[in-house]
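Colleague: Pulled these features from Swiss-Prot for this protein:
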SIGNAL    1-23  signal peptide
DISULFID  Cys52-Cys162  disulfide bond
DISULFID  Cys87-Cys109  disulfide bond
Amino acid sequence: MAFMLSLLMALVLVSYGLGGSLGCYLSENHMLHAQKNLKLLARMNRLSPHSCLQDRKDFGLPRKMVEGSQLQKDQAISVLHEMLQQCFNLFHTERSSAAWDNTLLEQLCTGLHQQLDDLDARLGPLMGQKDSGMGRMGPILTVKKYFQGIHVYLKEKKYSDCAWEVIRVEMMRALSSSTTLQERLKKMGGNLNSP
């Protein structure tokens with residue numbers, strides 16, 4: 001359950017920036033790119049999601065809040081970085097280029113890359129201090145497993161237009177579903193260990 005909350009936390013961070021004590025590390029630009037990336041994903045729609053209902057799949061992203069998190073600040077930062085990197089890797093491929101409008105895809109990849117650069121510049125020293133920490137390995141592995149499932153799905157579906165549409169909707173759902181967790185973080189004042 002803690003791993004799934006870690007994944008949800010990353011989605012909150014990607015969509016809305018870090019709340020409370022984590023927010024001081026991110027620039028306004030980082031948060032603007034997060035919102036812009038979500039809008040770009042929405043604009044990338046080429047097919048009606050209804051035409052691809054037979055291709056839907058549950059990739060294991062939890063739909064509701066998990067209570068009682070023990071997620072630490074450094075875990076949240078690591079998960080955010082991994083989510084951004086995996087998203088970038090997913091959309092920055094030759095097969096992805098064939099599926100999407102290249103202008104929108106390039107803007108999305110640029111926005112994700114700018115977020116990664118911003119995180120690296122601001123959080124490099126913080127992440128370097130505990131980079132080998134075992135506490136982050138579980139949440140990071142959960143993110144990698146989630147994206148590995150997405151890559152396997154695309155390969156099984158032979159990178160069809162419907163498969164890419166399912167993935168686009170999945171990424172939209174993942175980013176959009178983080179609103180409740182964001183509100184919880186605001187109520188806790190950024191303390192992820194609060195009840």
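The chain as shown is numbered from 1 upward.
Glycine residues also receive a Cβ, built from the backbone N, Cα and C atoms like all the rest.
Note that the coordinates shown come from a computational prediction; the quantities given were computed from them, not determined experimentally.
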Colleague: Are there residues of the same chain, six or more positions away from Cys52 (disulfide bond), whose CB falls under 8 angstroms from its CB, and which are they?
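Modeller: Set apart from Cys52 (disulfide bond) by at least 6 residues yet with Cβ under 8 Å, we have Cys162, Ala163, Glu165, Val166.
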Colleague: For the disulfide-bonded residues listed here (Cys87, Cys109, Cys162), tell me which residue's CB has the most neighbouring CB atoms inside 10 Å.
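Modeller: Highest number of other Cβ atoms within 10 Å: Cys87.
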Colleague: For Cys109 (disulfide bond), which of the three DSSP-derived states applies: helix, strand, or coil?
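Modeller: Assignment for Cys109 (disulfide bond) reads helix.
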